[in-house]
Amino acid sequence: MTTAVSAVDLTKAYGPTRALDGLDLTVRSGEVHGFLGPNGAGKSTAIRILLGLVRADGGAAAVLGGDPWRDSVALHRRLAYVPGDVELWPDLTGGEIIDLLGRLRGGAVAARRDALVERFDLDPTRRARTYSKGNRQKVALVAALASDVELLLLDEPTSGLDPLMEAVFQQVVGELRGEERTVLLSSHILSQVEKLADRVSIIRRGRVVQSGTLAEMRHLTRTAVEATTAAPADGLDRLPGVHGLEATGTRVRFDVDGDHLDGALKHLGGFGVLSLSSHPPTLEELMLRHYGDGEAA
Amino acid sequence: MTATGAPSPGRTAPAAGGAAAGTGALVRLALRRDRIRLPAWLLGITVFVPYFYTVLGVVSPTQEALEESTALMDSPMVRLFAGPYFGFGEVTLQRSFLVYLPEFLLAAAVMSVLLVARHTRGEEQSGRAELVRASAVGRHAQLTAALAVAVLANTALGLLIALAMVALAFPAGSGLLFGAAVAATGLSFAGITAVTAQLGESSRTASGLASAALPAAWMLRAVGAVQDEAGGWATWLSPLGWPQLTRILDDERWWPLALSVLLFAAGAAASYALAERRDLGGGFVGTRPGRSTAAPWLRSPLALAWRLQRRTVAWWGTAVFAASLCYGGLGGAMDEGAVDLPAEVVGGPAVDVLDGYLSIMTVSMVFVVCFFAVVSVRGLRRDETSGRAVAVLTAATGRAAWTGTSLLVTAVSGVALVALVGLGTGLGAAASVGDGSLLPVLLGAALARAPEVLLTAGLAAALLGWAPRAFGAVWAVVVYGVCLRFFAPDLGWPDRLLATSPYNHVPRVPVEEPALVPTAVLTVLAVALAALGVWGFGRRDLDG
């Protein structure tokens with residue numbers, strides 16, 4: 001399997017702020033790679049380095065086998081980018097901008113452009129000045145998705161889109177996966193990454209703290225359990241792998257590590273379970289595990 | 001209680017001033033946002049009081065010279081540009097200054113148009129108005145605040161101009177009337193803009209519609225000035241005519257300014273009424289749909305640079321040509337006034353008054369084009385910081401291609417604008433003096449200065465590449481050049497200091513002999529600076 005994007009030990013400082021602090025990232029060809037992190041974690045800085053807009057202070061990055069700074073123009077013919085906050089030339093219409101960007105990249109597929117304009121419900125005759133944020137975002141999305149490129153770098157691409165358009169976006173990206181195109185999708189919309197990504201990298205304070213498939217990540221995380229028992233459930237706090245126990249009378253709530261779930265449930269069974277709910281961790285909880293103070297618990 | 005007067009159910013009577021609640025805070029916000037822009041406008045306009053007055057003193061150093069030249073100023077052509085004016089039968093240097101009154105009126109009008117458009121429709125368009133209106137702020141507070149700021153700005157402008165004139169020994173009452181005339185004109189256009197801001201959906205429509213009223217008012221005034229020396233009926237229809245009908249420095253009267261204030265009040269009332277009938281963000285004039293696909297030629301960085309700048313270039317071209325034509329047209333009056341002057345009156349080395357005047361106007365207009373060059377290169381910086389540049393640079397466009405093509409458009413447009421300066425001045429002068437040979441001379445005089453524009457653009461490019469956050473420094477260089485050019489010679493500053501300005505090296509044709517070397521050196525410098533800028537931009541991180 002070839003690698004579309006690889007970054008090794010990237011560093012970048014803006015004055016005293018270390019935006020990237022030894023970031024490692026690997027995106028395999030043909031996968032949709034989720035790039036998750038809160039605002040200010042360094043996602044955009046990393047992507048701007050991969051685009052050759054900003055030069056890394058240290059480390060090495062390769063995009064589609066090339067050097068993102070040195071070979072930027074050649075690489076940009078083979079990739080497309082959508083920022084999270086799209087600014088357009090106020091005097092140009094959306095249609096003009098889509099065509100222009102496609103042509104500057106070396107040509108977009110006209111049929112796909114028209115289909116995307118239709119699907120995203122965009123009026124291409126309006127001047128960019130009159131577009132809402134969501135509409136500006138659509139212009140950039142159509143321009144990027146209509147071009148025939150190998151790699152899409154999407155930096156929180158659906159900010160400002162309504163849920164309907166968000167769904168369209170997910171459909172279109174799903175179709176891209178069928179075409180063996182690579183997508184690096186940076187986001188803090190966790191459900192979006194959950195639905196689309198094959199693999200996920202979690203970035204925090206300029207470093208990737210965890211990377212893998214969602215299945216692998218679940219393996220590392222806990223399950224949230226809430227139960228009501230006939231008799232007060234004692235002794236849970238002595239079980240291995242149980243965290244954050246809250247007990248009020250016959251109701252308990254706790255998190256349990258994946259490999260200790262079985263033991264915890266068996267223990268609960270001894271008190272006569274009246275109701276039980278458990279759910280796999282959402283990506284929100286995955287994030288909390290890395291950004292909250294959960295690690296100490 | 002009648003049926004029509006009944007309040008709708010559930011609606012409580014607004015507290016006193018409810019619709020304007022929060023106006024005070026919004027006025028302070030506007031003043032805070034414009035804390036640099038507004039003083040720059042006020043000082044930028046006021047500084048032309050001593051400047052024009054000094055130029056007049058230089059051109060007409062004696063009473064005789066003045067009488068000779070102003071007697072002929074009373075030609076219909078000059079009145080077309082600057083009339084009606086009064087008291088020129090017994091002209092004084094101070095009265096001749098009134099020829100420049102229209103310039104101040106126009107400046108105040110433009111300032112007010114932009115100010116009101118920015119603080120009304122501009123706020124709505126950006127969505128900031130929504131944020132403000134959702135707080136405890138009345139429905140009309142923003143409009144009221146914008147108008148209040150316009151009143152404040154124009155009052156300050158009027159006072160500053162009056163002060164400057166009194167400092168130049170004008171009678172206090174006349175200075176005050178002149179200042180009031182300028183302020184009142186600003187107010188009438190603030191009123192007009194308040195109305196146009198209600199009509200279109202963008203700030204540009206608002207200022208565009210209001211700006212269209214300017215040339216209309218200008219033409220009415222011009223027609224009126226030619227109809228009758230004291231102003232015909234057309235003058236009475238023009239907001240730019242009323243201030244001149246105050247007969248400053250003659251039998252002065254204040255009441256024509258009441259018309260300006262009335263127009264302001266009417267505009268304000270109409271804008272409130274219109275605002276009542278529309279939604280926030282809505283308008284009465286729809287935005288015209290544009291192309292749904294790009295034109296076939298729009299496929300390269302160069303094409304984009306031209307597409308982005310062509311409208312600006314067209315506007316600058318129109319304005320620069322019209323102004324140059326006017327200034328050139330005044331040449332006839334200058335010339336005829338100087339014909340009979342004995343050499344000793346002109347004083348010192350015999351300088352032809354017409355040549356002196358035309359060369360000064362060429363220098364001035366080329367400075368105006370230098371400002372275009374800065375604005376044009378600033379577009380690159382704005383595209384960078386706003387993130388628009390990223391869209392181009394992450395397509396297969398190199399940094400050098402992006403900056404280089406845009407700078408090329410700046411350079412070609414700048415040279416074209418300089419050519420328009422020469423063409424306008426030359427045509428105006430040739431027509432008014434009746435000497436066709438002035439056209440090639442003045443065209444050459446202007447084009448010889450084109451490297452000054454290129455150098456300005458090159459300097460801006462170098463800053464863009466190496467010190468983008470200090471981009472504004474290029475303004476300082478141009479302003480420094482203006483100061484050294486126009487103010488320093490009178491103050492007897494040493495040549496070595498004057499030589500530090502890049503704008504002091506190209507000879508003032510036709511007063512001075514043309515010289516190729518300064519033009520060539522400036523061009524080479526300009527190209528080198530631009531190349532340096534392109535190189536620097538290619539090797540630095542992108543901002544924004």
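Note: Cβ is positioned from N, Cα and C throughout, glycine not excepted.
Note: TrEMBL annotation is automatic and uncurated.
A quick note: this is a predicted structure, and the numbers were derived from the prediction, not measured.
Here's what TrEMBL has on this protein:
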type	residues	note
TRANSMEM	B:12-31	transmembrane segment
TRANSMEM	B:38-59	transmembrane segment
TRANSMEM	B:97-117	transmembrane segment
TRANSMEM	B:143-170	transmembrane segment
TRANSMEM	B:176-197	transmembrane segment
TRANSMEM	B:313-334	transmembrane segment
TRANSMEM	B:354-375	transmembrane segment
TRANSMEM	B:407-431	transmembrane segment
TRANSMEM	B:437-463	transmembrane segment
TRANSMEM	B:470-488	transmembrane segment
TRANSMEM	B:515-538	transmembrane segment
Counting Cβ pairs under 8 Å to the transmembrane segment (B:437-463), which of B:143-170, B:176-197, B:407-431, B:515-538 comes out on top?
B:407-431
Best-packed against the transmembrane segment (B:515-538), counting Cβ pairs under 8 Å over B:38-59, B:354-375, B:407-431, B:470-488, is stretch B:407-431
For the transmembrane segment (B:407-431), which partner among B:176-197, B:313-334, B:470-488 gives the most CB pairs under 8 Å?
B:313-334
Distant-in-sequence neighbours of the transmembrane segment (B:313-334), which means Cβ under 8 A and at least six residues beyond its ends
59, 69, 72-73, 75, 77-78, 81, 353-354, 357-358, 361, 364-365, 368-369, 372, 413, 416-417, 420-434, 438, 442
Looking only at residues six or more beyond either end of the transmembrane segment (B:143-170), which have a C-beta under 8 A from one in the stretch?
20, 23, 26-27, 29-31, 34, 38, 41-43, 45-46, 49-50, 53, 94, 104, 108, 111-112, 115-116, 119-120, 176, 178-180, 182-184, 186-187, 190-191, 194, 197, 249, 268, 271-272, 275
For the transmembrane segment (B:176-197), give me same-chain residues lying six or more residues beyond its boundaries with a C-beta closer than 8 angstroms to one of its C-beta atoms, as numbers and ranges.
45, 101, 104-105, 107-113, 115-117, 120-121, 143, 146-147, 150-151, 153-155, 157-163, 165, 170, 203, 205-207, 209-210, 213-214, 239-240, 242-244, 246, 248, 252, 254, 257, 260-261, 263-268, 270-271, 274
